[in-house]
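Visitor: Before I ask anything, here is the structure I am working with.
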Amino acid sequence: MDLAGALQLGELAAAFAALPVFPLFDAAYFIVSVLYLKYEPGAVEMSRKSPFASWLCAMLHCFGSYILADLLLGEAPIHYFSNNSSVILATAIWYLIFFCPMNLFYKCVSFLPVKLIFVAMKEVVRVRKIAAGVHHAHHQYHHGWFIMMATGWVKGSGVALMSNFEQLLRGVWKPETNEILHMSFPTKASLYGTVLFTLQQTHWLPVSEANLIFFFTMFMIVCKVFMTATHSHASPFAPVEGFICPVFFGSVSSGHTSHDQHGASHEVSHPPPPPVKSKEELNEGTRKRKAKKAE
């Protein structure tokens, strides 16, 4: 029974890995990506003032991962735009979300139960892109582990790593929102996932690519759907990171605390200077001294 179950699970994973992502899953990916663009402050006003700039931002949200991966591998960054079907599909979704009469399309796709389905479908595309990025880099650099990881990471992170450049197109400059400094859950998960796929691709992880795609996709779907449904931004990796990071990289808060305590001790050791007397108090003292001399 265990062998039969394993065979059935392997067949399920193989069938899932062979499932085509175009057009349904790609459409869901584009819908969620353009929705996040519309949530940005000023995005709707920009679409009215400069539709072309809004379209460029939407294309970055949809194809930013391919642009970054092509740049890393020395290929033309606009190579993916030769895929006319995907570009037309993404453009149609952008137009419907921003310019559909009475916002009907936007209201339908942003309805939470429907949106959760699209979020789950987007994670299917994300994991496929991570696996494809690692496989593509491995084809060119057989022993370049870090190149595989970098390519898979940018393929999975999408426009998040290009957020500052995308903000410039909208006339916004927020360097404090750098994704590398403040990684969101999808960016961290893509990084950890690309490490797993790199180990699998170099035969250090004894599991088939289809099984890894299946299980990692299920993990991403559960996490993202739960976070979207509960409007939570807490990372599932936070407990593990909170335990490991202080051990290997030290604790930032303790250093700041000791510095503050050291500064406080210096403040206590030096008493504050006496208060400066006002002009009225000085005049009053002068009058008293003159009165004593007169007596």
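Here the Cβ of each residue, glycine as well, is placed from N, Cα and C on the backbone.
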Visitor: Between 80-98, 99-117, which stretch does TrEMBL give the note transmembrane segment?
Guide: 80-98
Visitor: Tally Cβ pairs under 8 Å between the transmembrane segment (210-227) and each listed stretch (12-32, 52-73, 80-98), then give the stretch with the top tally.
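Guide: By Cβ pairs under 8 Å, 12-32 leads among 12-32, 52-73, 80-98.
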Visitor: Determine which residues of the chain contact the transmembrane segment (80-98) at the Cβ level, with the cut-off under 8 Å and only residues 6 or more beyond its ends counted.
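Guide: Residues 22-23, 26-27, 30-31, 34-35, 38, 44, 47, 54-55, 58-59, 62-63, 66-67, 70, 105-106, 109 contact the transmembrane segment (80-98) from elsewhere in the chain.
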